[in-house]
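Below you'll find the structure, written out as structure tokens, and then a few comments.
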Amino acid sequence: MGRSSNRVKRYGGGGGGGGGGGKKTSTASSLNTIADPVGVQQRLQYLATPTQRLTWEEYKEKHKKQFESRLEQGMDEETAEYRRQLDQERNEKLARGTNHRDLADKADKKRKKKDKKDKKDKKDKKEKKEKKRQRV
């Protein structure tokens with residue numbers, strides 16, 4: 001008894017070759033078609049008669065407009081989806097505006113900080129010069 005002992009068996013036959021394990025079923029209709037000479041003759045006649053089928057070229061010509069319209073529809077749908085994505089991205093960027101520091105680039109922040117520092121340094125230098133002039 002292994003771990004698969006609870007499984008339902010799929011077929012009733014035993015393992016290995018040989019015969020005799022399974023049931024052979026035959027219906028009366030399958031026996032009649034083989035033994036009935038009229039039925040066999042009808043079947044052969046049906047198979048022998050050529051059927052009217054379109055060649056691949058004829059089929060393509062007949063359905064050419066359908067194929068083209070389907071291809072165009074697919075391309076139009078892809079283009080429309082791409083445009084929707086672009087519009088959405090553009091609207092998100094425009095919604096930010098220009099006065100949002102939290103959304104600004106880090107480079108801009110660094111530049112602004114440096115500018116402030118430079119202005120402060122210039123102001124300090126100017127004040128020092130004025131103090132020196134007053135002393136002299």
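These residue numbers are counts, starting from 1, taken along the chain as shown.
Every residue gets a Cβ built from N, Cα and C, even glycine.
TrEMBL annotations: computationally assigned, not manually curated.
According to TrEMBL, the compositional bias 'Basic residues' annotation covers 1-10, 109-136. According to TrEMBL, the feature region 'Disordered' maps to 1-34, 61-136. TrEMBL lists 11-23 with the feature compositional bias 'Gly residues'. If you look up TrEMBL, you'll see 24-33 marked as compositional bias 'Polar residues'. The annotation compositional bias 'Basic and acidic residues' is assigned in TrEMBL to 61-73, 80-108.
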Per DSSP, the compositional bias 'Basic residues' (109-136) contains 27 helix, 0 strand, 1 coil
Secondary structure of the compositional bias 'Basic and acidic residues' (61-73) by DSSP, residue by residue, totals 12 helix, 0 strand, 1 coil
